[in-house]
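Only one structure is covered here, and it is reproduced in the block below.
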């Protein structure tokens, strides 16, 4: 795909050229990354090991947490290591790989969030049909479709950007490879490719976000017939999900649903959807859930009993 390119490596400028500031940033991101691994990893283990967490919502949540771990791992370790290097370099193949997995796990996360909204819609608006509609086979197919959709999106973005000849300058004012910064390295007309990249990323975001909003509009309308306790529980779950959706979709929309130009704010905005959202997901969507808390207590109690033996 990049056979005509004379660029073999790419240099990141990162957040700062000051060595002291770089080390502070590295330590900060290391702490955040460890917290993401522990928080989301604990959610995955708790749901997989918890006997009471068998509903489709928790299945989707476990896959979301796993995708969050993978998504953050595409960029954070490289940033942490680069903060100790004078030259922050990545090979062209490494850059291709980073873009592929960034959009693969990011696209999968978008589809999983959409599935979770659909799950809540069926559970609240069609409770009598919930076990039939969201049966084990259907949930497995939906999860497979989410990962397949993320793969197709990623392949599309990667093929589009790396069919262009890259001839420099080989410097990116960013801390990881992404389609918009790399597009600036192209030495041919990029207008059509830019339109296709925006269409690919933008269509997924628009369709998914529209589906999410439609689901919650219907859910909120149906809550008028629910009991006060039912409304409170449903609103609590929906509010947590909407918070995660907003934290992920708003920054992504700012970066990917506009013309292919880079802005100084892009690096800061990227931190929100690559680090902040994976960090807050276990807190605002999982640990506030009473069933997850109870399963976590049982898991910790079981671990304690094993240690005593």
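Any Cβ shown, glycine's included, is placed from N, Cα and C.
Copied over from TrEMBL, here are the features:
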type	residues	note
DOMAIN	39-285	domain 'G-protein coupled receptors family 1 profile'
TRANSMEM	24-45	transmembrane segment
TRANSMEM	57-76	transmembrane segment
TRANSMEM	96-118	transmembrane segment
TRANSMEM	139-162	transmembrane segment
TRANSMEM	191-218	transmembrane segment
TRANSMEM	238-256	transmembrane segment
TRANSMEM	268-287	transmembrane segment
Averaged pLDDT, computed only over the residues in the domain 'G-protein coupled receptors family 1 profile' (39-285): 85
Contact check, the transmembrane segment (96-118) vs the transmembrane segment (24-45), 3+ Cβ pairs under 8 Å, seq sep 6+: no
Contact check, the transmembrane segment (191-218) vs the transmembrane segment (57-76), 3+ Cβ pairs under 8 Å, seq sep 6+: no
Beyond the flanks of the transmembrane segment (268-287) by 6 or more, those residues with Cβ under 8 Å of it: 29, 32-33, 35-36, 39-40, 42-43, 61, 64-65, 68-69, 71-72, 74-76, 106, 174-176, 178, 240-241, 243-244, 247-248, 250-252, 254-255, 293, 296
